[in-house]
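As recorded in TrEMBL:
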DOMAIN    A:20-534  domain 'Cytochrome oxidase subunit I profile'
TRANSMEM  A:41-59  transmembrane segment
TRANSMEM  A:79-103  transmembrane segment
TRANSMEM  A:123-142  transmembrane segment
TRANSMEM  A:166-192  transmembrane segment
TRANSMEM  A:204-230  transmembrane segment
TRANSMEM  A:287-309  transmembrane segment
TRANSMEM  A:359-385  transmembrane segment
TRANSMEM  A:471-496  transmembrane segment
TRANSMEM  A:581-601  transmembrane segment
TRANSMEM  A:658-686  transmembrane segment
TRANSMEM  A:765-789  transmembrane segment
TRANSMEM  A:810-834  transmembrane segment
Amino acid sequence: MDQPSPSSPIKLHHDLQAIWDTKPGWGRLSAVNHTVLGKRFIIAAFVFFAIGGVLAMLIRAQLATPRSAFVGPDIYNQLFTMHGTVMMFLFAIPMFEGFAIYLLPKMLGARDMAFPRLTAYGFWCYVFGGSILIAALLLGVAPDSGWFMYTPLSSSTYSPGINADIWLLGITFVEISALSAAIEITVSILKLRAPGMSIDRLPIMAWYLLVTALMMLFGFPPLILGSILLELERAFDLPFFDPVRGGDSLLWQHLFWLFGHPEVYIIFLPAAGAISMMIPTFARHPLVGYRAIIAAIIAVGFLSFGLWVHHMFAIGIPHLALAFFSAASGLVAIPTGLQIFAWIATLASGRPRFDVPMLYLAGFFVIFVIGGLTGVMLAMVPFNLQAHDTHFVVAHLHYVLVGGFVFPMLAAAYYWLPHITGRVSDHKLSVPAFWLIFGGFNMTFFLMHLTGLLGMPRRIASYPPEAKWEWLNLLSSVGSFLMAIGFALFVVDIILQVRFGKAFRRNPWGARSLEWATPTPPPAYAFASLPRVQSRADWLDPEDHAVKLAAGRGYLGFARYGWMETLGVGMIEGEPDQVIVLPKPTILPLWTGLATGAIVLCLLFKAYWLALLPLAITVTLLLSWTRTTGAQSDLGPLPIGHGQSAAVHWEAERPPSWWAMVFTLGADATFFASLLFGCVFLALIAPAWPPPVVVSPSYGLLALAALLMIAAAIYGRLALRDLARTRSPSAWLGLCALSHAGVCAVVAAVIASDIPDPTLHAHHATLFAILGYAFLHSGVGCILALYGVQRQRHGKLSALRSLDLRIGSLWHDYAAVAGVVALLAVVALCWSVGGRP
Amino acid sequence: MGEVASGKRLLALAAGFVIWSVAFVVLYSALSIGCRQGWSDVHLLAGLSLQRVQLVALYVLHLLAGLGLVVFLRRSQFTSGAAAFLQTVAFYAAIAAVFSTAFTFAGTLMLTPC
Ligand code: HEM
Ligand SMILES: [Cu+2]
């Protein structure tokens, strides 16, 4: 196959544009491009920020005076719950996702993210899930048990309405988008880079986002598990959190904070990544301590999983365990401090230039350091017990979140807006906006330290005048309105820049990273050809690259077969090992998102059987995504320019989708481990054990299920072996599907015969959950095996094109291992309460 | 380099803190089990309780594992390039992890266990 001949830059631009552009009008709904979707994520997240901000204003209006008659306690509960929920789940996480989606490919020298349709699907899940929450708010049935939804307050006894269900289902829906973004970000950083960008040349932002995405993969599953268990309890009365029947409300707290504290760093690290990109530009000096910073981020990533109990110091666990969590909480300040010192060192070694983004970074600096200090105070158990659940905590968490996320994001907005719009502004409003936000913020929240120390609890709708907090609260509320005016000014400033800013040629800040080598505003394909990187990718010469790349003198500087192509590289050495052909714009992600939303709505309105219909539609739609992928004949290596060639990704050894499955299974395993932790926790710690009736499982059936699970995995591998020998794998795949179906049938039989009433006691409910997990995995395995048969029938498989079966085989293997562990766990849990054979 | 081999080399970055995480899970569980079984009332020699002895043993064990990793990563096999870079970062991370292990669980040495 020949390499298409080079063409003029203008022609190349037109050719690529014809292939990559999103169609106008209704075609916008089928967008999958990272530039388009990144912007949409950012705008949607900002809208949710505004909603959360309005809620905050209502909260402050209520607290401005004692005995306020503005809203009653019921509404107030909804206000602060929704404020916290919106800010954490619908603003902070999606905002960073938007930044990552927009910037990452450009910083890495790729043309898009690894799974564009997944980006689109994630976007729709986010918007639909968020809309459900906001609709509930407008209808007055919003969640009202606080953003961490503690049981038993959120259990059906004390929250009988739909409010809590909206939180549990809506947030889980939004989490789909967070998890898919995490997988996509991880794989994109590891595989989709410019040639020559070896792992030691990644721009520092990529390291930050890599660690963040991995933290999401391990942090979100506990929350999703917790939400599912609580929803099962609310909907079907399975007593996971009910202390009368062997449940324990502390299990919820563990699962929530196992997610909740890492979440704080998941929000902070991307912001720190943005800071690490901006500081070198303004210091005109490369980032100091690149390697030490990476080690520090890794340390933060791990340590932040070892301190969740600092949110639960008051629950009464052994002193020594408190000491562990307290020590880890204090320790995490060290790697964070190291980054701050690296930024100072960068500024000190360079010739700093002051500009608007730096002003906002200065604001970050002051506020975040104060928040860090109060954090260390709260990490100390004796102080914590005094300040627990007071406004001191509210002050601390806002210093960290607003300082650590909002201010850096404001700086980033000013820094990267010229990239998005191709315009620069004169920043007349940016400076007064800053002072209003900064001043207003400190006035609002510094005073909360004082009200907190004076004993004002959080989450109270009114307080008596005798409490002597009125002046502080009034001033705090005035401050919050000043801050709101500042944000309004910021919005006006941005609109003015977008509408009336002056156009510029390229790279207004003199930045040294690859995103500034694209034309601005960027075309859908980002780079007309892909660069070869010779130095660290946050200290290169974008101008020089830009000219060569636009002229098509890099890699893939041509349009071939109407394909959207980018390069995949070896993870460490960064040499091209595949041509990744990305999917065309399609409306399927929107339909799939709608179908998923329909499932959520069915569950919300308790139409459980009806939910199976949208579930089937969702699965069918997801499978139909693959109709356009792959090919019916072997292509062999394709030229990629500069005399090199590489295989197309579905013929490559380790394409992005293979890695995506590996990381998906990693998240899945975390989910499973959390489930097992929960079961053991209840059996060991919860009151009301042992159960009144002990399950004695049908060992014969369990053994049969285990055999079938292992058989399915073996058949999956045999199919792959036959395909490699150019024989049809269909028969093996059929057996694989049958074995999985057999597992489902046997497990269902075990549930029916041994656990007739899972509502009886947590013992029964936990066994039910574990068996359900095994059932689901074989169900999915069955679908994947049948999907393999279908691919074979369509001629999409060959010895070279075995990707679909290799991905399937990963699943079958995992299902076997996890399934056998699940069955053993069932037996062990029965024995532990005396149910011996 | 094969992609799976690359993957392993990347995992080395996390090795140090994986030991810290294991130490966390093991010590927290051992502590809970010991308190439940009343091991702090089982006295061994010199006034030391069974609870104290097992916790300190586990503490030291994980410290040694971490130190072993540090020593292993110090013997650099690469002089330049991406592999050497990864090894250096893994080495830094391992040192940080040993320090974290020592600090986080130092309480096992002197605090009341239950
Ligand atoms: C923009 C200005 C903001 C103001 C004036 C504000 C104000 C407040 C106030 C007064 C509370 C305490 C309510 C109570 O306990 O009675 C609160 C709670 C909270 N805020 Fe904010 N906030 C702001 C921004 C943010 C941001 C940006 C985030 C996160 C990224 C955030 C996250 C939270 C959370 C998680 C809670 C706890 C909610 C709960 O107790 O369930 N806030 N906020
Ligand atoms: Cu925390």
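Along the chain as shown, residues are numbered 1 onward.
Positions of Cβ are set from backbone N, Cα and C atoms, glycine also.
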- Query: Any chance the transmembrane segment (A:658-686) and the transmembrane segment (A:765-789) are in contact, meaning at least three CB pairs closer than 8 A with a sequence separation of 6+?
  - Reply: yes
- Between the stretches A:41-59, A:79-103, A:123-142, A:287-309, A:471-496, which one has more Cβ pairs under 8 Å with the transmembrane segment (A:166-192) than any other? A:123-142
- Answer with yes or no whether the transmembrane segment (A:581-601) touches the transmembrane segment (A:41-59) by the criterion of at least three Cβ pairs under 8 A, sequence separation 6 or more. no
- Query: Short question: which residues 6 or more past the ends of the transmembrane segment (A:581-601) have a Cβ under 8 Å from it?
  - Reply: 22-23, 27, 29-33, 111-112, 116-118, 120-121, 123-125, 127-129, 132, 169-170, 173, 176, 563-566, 611, 613-615, 617-618, 621-622, 624-625, 628-629, 648-650
- Task: With the transmembrane segment (A:765-789) as the reference, find which of A:204-230, A:359-385, A:471-496, A:810-834 contributes the most Cβ pairs under 8 Å.
- Result: A:810-834
- Message: Under 8 Å between C-beta atoms and at least six residues away from its ends: which parts of the chain pack against the transmembrane segment (A:79-103)?
- Response: 34-35, 37-46, 48-49, 51-52, 55-56, 58-59, 62, 71, 113, 119, 122, 126, 130, 133, 137, 142-147, 167, 171, 174-175, 177-178, 181, 185, 205, 209, 212, 263, 266-267, 270-271, 274, 401, 405, 409, 412, 416, 420, 459, 515
- Take the transmembrane segment (A:287-309) and find every residue of the same chain, 6 or more past its ends, with a Cβ under 8 Å from one of its Cβ atoms. 204, 207-208, 211, 214-215, 218-219, 254, 257-258, 260-262, 264-265, 269, 272, 276, 279-280, 317, 321-322, 324-325, 328-329, 331-332, 334-336, 338-339, 342, 345-346, 349, 379, 536, 538-539
